[in-house]
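Copied over from Swiss-Prot:
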SIGNAL    1-21  signal peptide
DOMAIN    22-233  domain 'GH16'
CARBOHYD  ASN30  N-linked glycosylation site
CARBOHYD  ASN59  N-linked glycosylation site
TRANSMEM  90-106  transmembrane segment
ACT_SITE  GLU118  active site, nucleophile
SITE      ASP120  site 'Important for catalytic activity'
BINDING   GLU122, GLN135, THR136, ASN137, ARG145, THR146, GLY147, ARG148, GLU149, GLU212, TRP213, GLY217, ARG301  xyloglucan binding site
CARBOHYD  ASN141  N-linked glycosylation site
CARBOHYD  ASN245  N-linked glycosylation site
Amino acid sequence: MKIMWETAVVFCLCSLSLVSSHSRKFTTPNVTRLTDQFSKIAIENGFSRRFGAHNIQVNGSLAKLTLDKSSGAGLVSKNKYHYGFFSARLKLPAGFASGVVVAFYLSNAETYPKSHDEIDIELLGRSRRDDWTIQTNVYANGSTRTGREEKFYFWFDPTQAFHDYTLIWNSHHTVFLVDNIPVRQFPNRGAFTSAYPSKPMSLYVTVWDGSEWATKGGKYPVNYKYAPFVVSVADVELSGCSVNNGSSTGSGPCTKSGGSISSLDPVDGQDFATLSKNQINAMDWARRKLMFYSYCSDKPRYKVMPAECN
């Protein structure tokens, strides 16, 4: 009887460890829906096919990006931006998705290969269970050796419906949001300034095989028995300083054509310069309840912690 009881306890603990985070019930904070303040664009108007063109289907404001054995797929914005509001509604592949990476990010690596900036929301398929996790990261001036990752569990199932993934990048701060809830803020002040992205960037939406990178050196590679892995993309919002159109020189305040005070882009205006009290409370909720990794707490990784961690 004792052996059976101990076996049952072990089984129970193991079962608990496999429970997806989105199976838990969360009461989410009420926040302003920033995504309601910007217009949506047609995919073809805002993006070009970056890679895997045969795995990209576009129908108006909806796109489907597919990862299979032949290739992943990626879109890149037709314009480069120096600050802006960037958002898309994504629906992730259901089922076993170990090694699958869906990325919504800003980068200028193609323009500045040795000193590039990057702001990432990366959605990582998990091994041994069907839930996904959120990873955020920031690079500036080619500082790729200093990973500034922070990782979060979802509070919903991202495979069952569309959800908003948003980046706010301006001269004040960078904010990462999921369903309009801020999960991370990276300010442009103090010790953070040396690591703050400052050059014009393009927006990318991609799905790719990240087995070697995302699953402990390939321990849990993509299993193409479950392919194709399809990511649905909708309601894309691109609002900011388009460098290509000459509305920004890459320095100074973010302005629309005209250059007057009244032409300040709202993304660099007062409403977006700081987080509201409700947004700060919501971010605190997300970080307390759902964040499970921060580079600033990883002392084994860094003998000398990045300056902003101090």
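Yeah, the Cβs are placed from backbone N, Cα and C, and that goes for glycine too.
Counting every protein chain shown, 19 other Cβ atoms lie within 10 Å of the Cβ of ASP120 (site 'Important for catalytic activity'). By neighbour count, meaning other C-beta atoms within 10 Å, the densest spot among the recorded positions ASN30, ASN59, THR136, ASN141 is THR136. Within the set of binding-site residues (ARG145, ARG301), the lowest number of other Cβ atoms found within 10 Å of a Cβ is recorded at ARG145. Comparing the Cα of ARG145 (xyloglucan binding site) with the Cα of every entry in ASN59, GLU118, ASP120, these being the recorded positions, the smallest distance points to GLU118. Sequence-distant neighbours of GLU118 (active site, nucleophile) (same chain, 6+ residues apart, CB-CB distance under 8 A): TYR105, LEU106, SER107, ASN108, ALA109, ASN137, VAL138, TYR139, PRO197, MET201. Put simply, of the recorded positions ASN30, ASN59, ASP120, ASN141, the one whose Cα is nearest the Cα of TRP213 (xyloglucan binding site) is ASP120. Shown are the binding-site residues GLU122, GLU149; the one with the most C-beta atoms within 10 angstroms of its own C-beta is GLU122.
In this structure, ASN30 (N-linked glycosylation site) belongs to neither helix nor strand by DSSP; it is coil. Less than 8 angstroms from the CB of GLY147 (xyloglucan binding site) sit ASN137, TYR295, each of them six or more residues away in the same chain.
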